[in-house]
Amino acid sequence: MVEIRRDIHRHPEIGRNEVRTSALIRKKLEEYGVDAIERPVPTAVVALIHGARGPGRCVALRCDIDALPVQEETGLPYTSENPGIMHACGHDMHASMMLGAAKILCGMRERFAGCVKLIFQHSEDTLPGGAKELVEKGVLENPHVDAIYGMHVLPDAHRAGQVGFHIGPITTSVDLFDFTVSGRGGHGSQPQNTTDPVLAAAQMIVMMQQIVARRVDPMEMAVFSLGSIHGGDAPNVIPAEVKFGGVTRAYSESVRSVIKEQVQAIAKGIEAASGNTVHIHYADGYPSAFNDKELMDLAADAVRKELGEDAVVPCPIQCLSVRISASMESWVVSPAPI
């Protein structure tokens, strides 16, 4: 598995372009002897392993396989060979770990009934994400998935050999937004003849940073972060357009809705006050994922049995808030507990 992981790490691929990665996964699954392999989309892989004890429930295991647009500078012997692309989020480990699980499960069919569905998800880090697409393609049916498990490496929170568990909300929703403030530009010496989109954008940014502080319950969690802003080329010319964008995250759908509503209200107010036009583009991403207590207890018991009591550790929300993110499991809360 180490060799496979390093091979995947050496050849990272951006979401929806995981051609080599998915081909390697299919090859290994065929070698291990899984019962069926499907490609619901060109760069995702879904496999089935049937137990020898007859019909039963279907449990899905899910991992992500895409890389990030990051230049690797680790100097490792298996460093990325693809310029500007790196497995910087651990998906190379996730994929190889699940291949390891596939190999083990194929060798222990006589010990379980039902089946295990392995979902190697493409494009996790590119919103709206490959998960929604796979769910819409029916990967949770034929056979119907009764429960789904996923995991993520977190080296800065636990030592090797430990598995962190948390019951309840485990990831946030994630939504991207882009704003375009358009109006009348002009020379900086005559601001009265402009609608000053720069000032309007600045006012919007400041007001939106107050949403979490003044519109979200202090007992809830939300993040509103701005990551880019662009407008104008000359310091003495007021541009006719300013663009900026960022990301919002929340654990509850109610908070998620509050943020969107407040953003719309602020945009309308700025339009009325400044004379500019504000265009908002939302990219709705993953909803929050919620860990089912019964399934978490089952998994924790299995870890204790194989690795010992010390291997099971809590994964507190304070730890998760450092890396709040979302994944495929969040799309399947209704049809399958996680």
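Each position is counted from 1, following the chain as shown.
Quick reminder: no glycine exception, Cβ is built from N, Cα and C everywhere.
In TrEMBL, annotation is done automatically, which means it is predicted and not curated.
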> His144, His152, His158: which one does TrEMBL list with Cys89, His91 for the Mn(2+) site?
Replying inline: His152
> Other than Cys89, His91, His152, which residues of the chain come within 8 Å of the Mn(2+) site, judged by Cβ distance to the Cβ centroid of those residues?
Replying inline: Asp64, His87, Gly90, Met93, His94, Glu124, Val153
> If you count Cβ atoms within 10 Å of each one, which of the binding-site residues His91, His152 comes out on top?
Replying inline: His91
>> Below 8 Å Cβ to Cβ and six or more residues apart, same chain only. Which residues does that give for Cys89 (Mn(2+) binding site)?
In response: Ala67, Leu68, Asp125
